[in-house]
Every structure is written in C-alpha cells, then in structure tokens.
Amino acid sequence: MENGKCNGATTVKLPEIKFTKLFINGQFIDAASGKTFETIDPRNGEVIATIAEGDKEDVDLAVNAARYAFDHGPWPRMTGFERAKLINKFADLIEENIEELAKLDAVDGGKLFQLGKYADIPATAGHFRYNAGAADKIHGETLKMTRQSLFGYTLKEPIGVVGNIIPWNFPSIMFATKVAPAMAAGCTMVVKPAEQTSLSALFYAHLSKEAGIPDGVLNIVTGFGSTAGAAIASHMDVDKVSFTGSTDVGRKIMQAAAASNLKKVSLELGGKSPLLIFNDADIDKAADLALLGCFYNKGEICVASSRVFVQEGIYDKVVEKLVEKAKDWTVGDPFDSTARQGPQVDKRQFEKILSYIEHGKNEGATLLTGGKAIGDKGYFIQPTIFADVTEDMKIYQDEIFGPVMSLMKFKTVEEGIKCANNTKYGLAAGILSQDIDLINTVSRSIKAGIIWVNCYFGFDLDCPYGGYKMSGNCRESGMDALDNYLQTKSVVMPLHNSPWM
C-alpha cells in the first residue's frame, strides 16, 4: 500500500459488456440518431463501452411503447398475484446474476465489488421481492359516509406511464427502489439511468425480458439529462416522474412537469446530514460510525454524515481516534477485497471534490488528514477530515458528494440541535448517546426524514426514507414507496333502505 492506496491486486475476471443499446418495447435498438457516447472506467479513465445516446425522439418512442402497454397491454390488467409471480421471477434472475451485476457497477461507477456482491445486488433483488409481496395487497376502503343516503368506497389504481430517472451513486439499488414499486402497482415506465452508470440498467432490462415481463412495461433510454432526462420530465404523455439526484436538477424537473401536463413528481434530492456525538457515546464506536457515515461508497451517498458534531467533553478524544482510524481507511481498486473505498465516479466529480477541499483550506478550516488525490491514474481521493469548520464555509453548506468530513464542536443539547438543523437540507441524521430521553428529544427536534440512533445507514426494505426541506418531497422503500405510483379514486352511489349505517 502506498499513500493509503491498495495495490489493486485482484483475481476477479472483469465483466463482458453485453448490452449497450436502448431497450424499447422489449427490444435492444440503436438510438434514432445513431449517436453513441463513451462510458469510462473510473479506475483508470479508460473507455470500457460505447453506449447508445438516446434523446427526445427515442424518449417519444419509449413513452409510446409504455403508453400502449398501459392502455392496451396485460400488465395493469393482471391480478396482483399474477404480477407478483413475474416480479419474483425477475428477482430470481437478479440473484442468479449477482456477480455479473456487481462487476458492472464496479467498472462503471467505481463501486466496491464486494459491496455490490454482498449488499447492493442482494438488496436490489430484495426490493423486487418486497414489492412482489405487496402487489396483491393493494386495496381501497369502504367509506363511512356522513350522508346516510350515499354509499362510497375508494380504489387504488396505477398512476399510468412513469418516468424514472436514476442516479449514478447506487445504480442498482436506486433502479429497484423506483422500478419495483412501479411494477407492483401496475404501471409501465421509461427509465433513464445516469450516463455514468448505464450498464447494469441495461442488464436488468435483459433479465426482465427473460422473466416474462411484457414488452413495453420496462423501457430503458440511455443518454444525458439535458436531452433524454428533460424529454421525460416535459413529456405530455408521462403521468408521473420520479427522480433521485441533486436539488438543482430536481427543481428543473419540477418546473418542466408544471410547464407540461402537471404530472406528479417524486423527488429524492441532496443532503448535508449531521451526526451528533454526545458526551456519553462510546468513543471507539463513534469514530467508526463517523467514518462509515461519511466515507462509505467514497462519500457518494445522499445521506452521508458529512457534518459531524461532537460534544465538547469528548471532542479531543474523538478527533484523535478519527484521525488514527482514517489513516487505515484503504483506498484502491474496487475489485481488491482489502479496499474500503474505490475511485470517484468520473473525472468531473473527482475535480469537484478536490475543488471543495481547496475551498476548505482557503477558508480557514484545519485539515487533519487526507486532502489529496492518490496516484496519477483513475479518480482516487484520500479520505479527508477538516476541523474548525464554521457555518459560513462552503464545505459546511454544500453537498460535496465525496469523502470529505466537516468536524465541529458543540456544548449543549440545544446547540447541537440548532447546528444539525442549520442547513437547507433534511434527508438524514445520526445520534450517538445512551440517554433515551436525550435521544427522544433530539430525534423529534431534527428536521430530517430518517434518524439513525447509535447506528448509521440503517436501511431496510420496510423502512421509508426521504427528505424534509430541500431534500425532496417523497418517501422511498416500504409501503410508502408503493403509494408514489398509485392514485385514489372514489366511487359514490345512492343507498336506499339500508338496515343500518
């Protein structure tokens, strides 16, 4: 290991790139324009595949296929039980191809192969199984009408054609969190994966065909946000768009939806999540969770605990332990089983993170460890910790989306809560303490969609997550996610001579 980087030795065979075309109406086809774009291996900056570049014309074709499949096809007309069987078959095929999918996400996005193999891809299959289990349990309710002459009930119906726009940081899990509930609800869809990480989405399209998902239910248009993504957001025949990504892009999608057909919009956006470490926390565990919360997935995670607040009684000890442990946080080839952090997703993100690190230095924060790129090939960055960060600094305010931690001190519980809420975001937060009354007070006071107590990244298939404030307007995972793809219809009729009400 040199400068905190593993040697990258691996015996894993790299994946064969089999699918690079658009997937529309059950077929892999070239883009109408014939255009393609290159996808880059972030380990070395080299081209690994040339992928079809879809734009508005291709989105039109995909939406037409999805519309026909919804209006005339079998998918929304199947019983939930029948849909569930096909979705479970899809999950079976995902599990049979775990290694291949994990390899694709590793070479495409720099994700650790072991993480993909044992976490991301199994969780992807899990989301499809969870929603398959929900597909035959979608129902309305009988209403207790206030007017005795009326009988009413509600129906839950699929919303229609959905545009799902997927981010690059978790290309498999985010694919599943949107596609699985949409399928279970009976929707058809057009999916645009991030241009940086399109390979696994195309492989999932292939598996959906093998599973027997009817043509037109799942369509994949690879391409860029400014063209393909914008066409989905503004399309007059798309009934709903779901997006995970930056707050700035989410705002543009909402504007496009409003300017077109007022389609429903679900947004899961940026974060600048706080981790509050109180005086009674276990110092060793606190340091481990702080590093995990900030550096997991190379910091490219919307709920990263990038702002760490430590109560003054244990601040010095926590800082010492953080610096000590950060130096053992190995960075290297994602196929190296000893690596804990791979390369950033692409050159643009790599340069953005390094720019923020320079801002931190120039604005007066104290660099405790890291702060540099590693090597002269690929997009590797040292885990970086700043102390003496103040609320007016860019590294405090902005979502960096990289392995950069801002470390601050606080005195009282009230001050800690105020610091935690001092952000435009509200996606997640962590609390480390043994005091149940304090935990209850702080967890109720922080304005965030999910709070982790004495743990971090406590995700579960049944547990919804999403944002307050500028972190979004929806919840994903759990039964709440299914509601994103359903709409409620009320049916009312006269009722005469009822024996009781």
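The backbone N, Cα and C atoms fix where each Cβ goes, and this holds for glycine too.
Positions annotated as site 'Transition state stabilizer' by Swiss-Prot, on the basis of similarity to another entry: Asn169. Counting Cβ atoms from all protein chains shown, Asn169 (site 'Transition state stabilizer') has 25 others lying within 10 Å of its own Cβ.
Listed in sequence order, there are no same-chain residues at least 6 apart in sequence whose CB falls under 8 Å from the CB of Asp248 (NAD(+) binding site). According to Swiss-Prot, the NAD(+) binding site annotation covers Gly245, Ser246, Thr247, Asp248, Val249, Gly250.
Close to Glu268 (active site, proton acceptor) in the fold, though at least 6 residues off in sequence, lie Phe243, Thr244, Cys302, Gly466, Gly467, Ser471, Gly472, Cys474, Glu476, each with a CB less than 8 Å from its CB. Sequence annotations record features per position, and here Swiss-Prot assigns active site, proton acceptor to Glu268.
As annotated by Swiss-Prot, active site, nucleophile applies to Cys302. All protein chains considered, the CB of Cys302 (active site, nucleophile) has 26 other CB atoms within 10 Å.
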Going by C-beta under 8 A and a gap of 6 or more residues, the same-chain neighbours of Gly250 (NAD(+) binding site) are Phe243, Leu267, Leu269, Gly472
The number of other Cβ atoms within 10 Å of the Cβ of Gly245 (NAD(+) binding site), counted over all protein chains shown, is 23
Residues lining the NAD(+) site besides Gly245, Ser246, Thr247, Asp248, Val249, Gly250 (CB within 8 A of their CB center) are Phe243, Arg251, Lys252, Ile253, Leu269, Gly270
Smallest Cα-Cα separation from Asn169 (site 'Transition state stabilizer') among the binding-site residues Gly245, Ser246, Thr247, Val249 is shown by Gly245
A correct count of other C-beta atoms within 10 Å of the C-beta of Ser246 (NAD(+) binding site) gives 16
